[in-house]
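These come from Swiss-Prot:
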type	residues	note
TRANSMEM	26-46	transmembrane segment
TRANSMEM	74-94	transmembrane segment
TRANSMEM	97-117	transmembrane segment
TRANSMEM	132-152	transmembrane segment
TRANSMEM	168-188	transmembrane segment
TRANSMEM	199-219	transmembrane segment
TRANSMEM	236-256	transmembrane segment
TRANSMEM	263-283	transmembrane segment
TRANSMEM	288-308	transmembrane segment
TRANSMEM	338-358	transmembrane segment
Amino acid sequence: MLVYLAEYLTQFYTGFNVFSYVTFRAILGLMTAMVFSLWWGPKMIARLQVMQIGQVVRNDGPESHFSKRGTPTMGGILILAGVFISVLLWGDLGSRYVWVVLFVLATFGLIGFIDDYRKVVRKDTKGLIARWKYLLQSVAALVIAVYLYASAQSPGETQLVVPFFKDIMPQLGGFFIVLVYFTIVGSSNAVNLTDGLDGLAIMPTVMVAAAFALIAYLSGHVQFASYLHLPYLPGAGELVIVCTAIVGAGLGFLWFNTYPAQVFMGDVGSLALGAALGAIAVLVRQEILLVIMGGVFVMETVSVILQVGSYKLRGQRIFRMAPIHHHYELKGWPEPRVIVRFWIISLFLVLLGLATLKLR
């Protein structure tokens, strides 16, 4: 929004031209989202407490989690508000890249809100019925997939980028829609499964978003994209604003979500942020890289799949409890140890993912 105002004011004072630089607006976007989260966080937590919107803890969960019962939840609203305000202020609202991610955040955030509402108000620990949740996610993801396929403006927008191989970029054709669908829905649910300990999901989300900010900048710059053998995506640089807004809002939220948490993000936050990461990965054509950098999310999801599959096929469990972070809790690891070690793994995987940009 302010981009257009600055563009108009440039004719009176050339100093306003600084707002045309993506990097400058990205910094302001990060700071805006973070300051908003830090400022509004205490007010929102107090309001949630008054409204008795507290976490509902499963009776079959780890005993250490029983003390979390009643902790304010649905704090993801704080993150989403920070991202939206920041992007609307500093982003180029003429960019379809920006609106795609905002649409994903809004729709998946709404799905998560409905899920949280059922848990908190109706005291139903299962929340929204799984098939309805999956159906709503599927509709939203397919809308985005079809739109991106139909509106593709260059061959690079529907290619598959394979890390480590600079000459392998196959055109996906109609399979593009399938890939987009599974990337967005899968990423959304993976982050949701990871959000089981204080700060466990938000920090890897911040790291991956920061990495995608760099990748979006490189992909939107013709010289950098050519040098690194990335698809050149004109306008993709505006995704940097979205990514840094997620980083800023996420760090601001972490201030209150770090152990012991004062507030949880709830499904309204985890489903939306996961879907947003998936959408960003699709937009910059780095779905495989998301699997690498978001390895912690993948690990959590695979642990659930293996646990359920093993129990149904053999009647035995592989882990003491899934997702896998609960397994380590039941092994006696203190919660902060599990969280920080998963953060370290996430940092390593993000750096590995960034290294693949050069290792081609």
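Cβ atoms here come from the backbone N, Cα and C positions, even for glycine.
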Checking 26-46, 168-188, 199-219, 338-358 against the transmembrane segment (288-308) for Cβ pairs under 8 Å, the most are found for 338-358
Would you call the transmembrane segment (199-219) and the transmembrane segment (338-358) in contact, using three or more Cβ pairs under 8 Å, pairs 6 or more apart in sequence? yes
For the transmembrane segment (263-283), find every same-chain residue at least 6 residues outside the stretch whose CB is under 8 Å from a CB in it, and list them. 41, 44-45, 48, 55, 68, 71-80, 97, 100-101, 104-109, 111-113, 115-116, 119, 127, 137, 140-141, 144, 148, 179-180, 183-192, 194-195, 201-202, 205, 208-209, 212, 216, 233, 236, 239, 242-243, 246, 250, 253, 256-257, 289-290, 294, 297
Look at every Cβ pair spanning the transmembrane segment (97-117) and the transmembrane segment (338-358), keep those 6 or more apart in sequence, and say whether at least 3 of them are under 8 Å. no
Non-local residues, at least 6 beyond the ends, that sit with Cβ under 8 Å of the transmembrane segment (26-46): 72, 75, 77-79, 81-83, 85-87, 89-91, 213, 240-241, 243-249, 251-253, 255-256, 262-263
